[in-house]
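Taking it in order: structure first as structure tokens, then the write-up.
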Amino acid sequence: MPGSLPLNAEACWPKDVGIVALEIYFPSQYVDQAELEKYDGVAAGKYTIGLGQAKMGFCTDREDINSLCMTVVQNLMERNNLSYDCIGRLEVGTETIIDKSKSVKTNLMQLFEESGNTDIEGIDTTNACYGGTAAVFNAVNWIESSSWDGRYALVVAGDIAVYATGNARPTGGVGAVALLIGPNAPLIFERGLRGTHMQHAYDFYKPDMLSEYPIVDGKLSIQCYLSALDRCYSVYCKKIRAQWQKEGNDKDFTLNDFGFMIFHSPYCKLVQKSLARMLLNDFLNDQNRDKNSIYSGLEAFGDVKLEDTYFDRDVEKAFMKASSELFSQKTKASLLVSNQNGNMYTSSVYGSLASVLAQYSPQQLAGKRIGVFSYGSGLAATLYSLKVTQDATPGSALDKITASLCDLKSRLDSRTGVAPDVFAENMKLREDTHHLVNYIPQGSIDSLFEGTWYLVRVDEKHRRTYARRPTPNDDTLDEGVGLVHSNIATEHIPSPAKKVPRLPATAAEPEAAVISNGEH
């Protein structure tokens, strides 16, 4: 039959394609949400309890989407002792657009110039917070295709989430995640198990090319998110049940079949409501619900229709209570980065994954299924799953990826808190200057984490020059390398063999390496 899969196709696929390594980056400063409540003159608990947020990371004008992605990529390469020529595909998922033509990926190619590796597929992928997941799927599809040349794929998801003054501002944040994709991975993409929903909606969008701020319909955005979750979960359940039936297992899939369930997290409270939403789906689909103790006390909701429940407080309250233990077991740990740093848009759901890996041992993770719900306004959404390898022995791939993230909490704790008025001043500075030419950023370089790339200047042709805050190991820098616009061939890129310390520098810093996006 035309278009059908050959019977022996699976034998040709690389084994256990998945996430081999993961690196996360967030800036060195945050604002406390409780202090922000006082500054904004809102009721105590509106941000901390109502949204579930404790702190919100932000960056000064010294960092932009290019520098965020450069930082997380170089950190991943260095910490995993990877050669730049082992990457065959590099794709960026972002909705932080600073150029309508030139991709972030092309800026990242500056990091590869010393290696001579230019044979790297992939560009940028954009649809609100979904771009990172689309890039991940493209990477997996490349490795499982005839185009694969045996090298790794590298996916970068990063964003700067900023909002105008008002109710949405405390749901901001900033960060980037880099994912190394390849075969024989500790976190394996379960083949054939993706439930996707695509729909036209104006829930959140950015039509103003001169502003970083979105237009948000808050109520519609929540409805779209939960509706997409309903549909994606339904499709996923049908697909995994079909797989199970082929294996002789005739049972329905439920939340209990996920070891962990992580979500795109605009704010933590929505994630808690989303897990409750999945339990509501299980409840309505269970023909024997009266025999399941988890549904005790929910009998009155047996005839509700999903589409009528998005803003039903009684349903929400009842199922949040019923799912509280499941939330603690399967989802709460995933909210570490979201609670402490805020919404990272495309990288948000992968920050949730990093949070889980950072807080559980390889033995606790081994063999578990991790459900992943990715959502981007407009809208695009997918629920898929990762299967954790069974091999949790010392030195295993699973041991290495968890070890690389074991300091995540200490890194979050090492950041510097700033007063809300300083945060507001930085937001106003971004608003006034993000589009300027002939601009030299005003933000402090000293406050950045070691190993952080930062913006040096924007010239009269909108060309951006970057430098990297050195680490104590950067002893190979040429004397006199200044902060000037220059060709990459004359500049130093720290060796991939060097390690990046996680905590901020305390000693006086040496001169910084400089990199630019070229004289074109």
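For all residues, glycine too, the Cβ spot is worked out from N, Cα and C.
What Swiss-Prot records for this protein:
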ACT_SITE  E95  active site, proton donor/acceptor
ACT_SITE  C129  active site, acyl-thioester intermediate
ACT_SITE  H264  active site, proton donor/acceptor
BINDING   A44, G45, K46, N167, S221, K269, K273  CoA binding site
BINDING   A44, C129, N167, T171, S221, H264, K273, N343, S377  (3S)-3-hydroxy-3-methylglutaryl-CoA binding site
MOD_RES   S4  phosphoserine
MOD_RES   K46  N6-acetyllysine
MOD_RES   K273  N6-acetyllysine
MOD_RES   T476  phosphothreonine
MOD_RES   S495  phosphoserine
MOD_RES   S516  phosphoserine
REGION    492-520  region 'Disordered'
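Candidate recorded positions: E95, C129, H264, S377. Nearest to S221 (CoA binding site) by Cα distance: S377. In this view, the densest Cβ surroundings among the binding-site residues N167, S377 belong to S377, judged by other Cβ atoms lying within 10 Å. Checking each of the recorded positions A44, H264, K269, S377 against E95 (active site, proton donor/acceptor) by C-alpha distance, the shortest gap belongs to S377.
When the Cα of A44 (CoA binding site) is compared against those of the recorded positions C129, H264, S377, the shortest separation belongs to H264. For the pair S377 ((3S)-3-hydroxy-3-methylglutaryl-CoA binding site) and G45 (CoA binding site), the Cα-Cα distance reads 27 Å. On a Cα basis, H264 (active site, proton donor/acceptor) lies 21 Å away from K46 (CoA binding site). Remark: G45 (CoA binding site) has E37 as non-local neighbours, by Cβ distance under 8 Å and separation of at least 6 in sequence. Considering only the recorded positions C129, N167, K273, the residues lying within 10 A of H264 (active site, proton donor/acceptor) on a C-alpha to C-alpha basis are C129. Rounded to the nearest whole angstrom, the C-alpha distance between C129 (active site, acyl-thioester intermediate) and N167 (CoA binding site) is 20. When every Cα pair among A44, C129, N167, T171, S221, H264, K273, N343, S377 is compared, the largest distance found for this (3S)-3-hydroxy-3-methylglutaryl-CoA site is 29 Å.
DSSP assigns the residue listed as 'active site, acyl-thioester intermediate' to a strand. In sequence order, L226, E316, M320 constitute the residues six or more apart from K273 (CoA binding site) in its chain with CB-CB distances below 8 Å.
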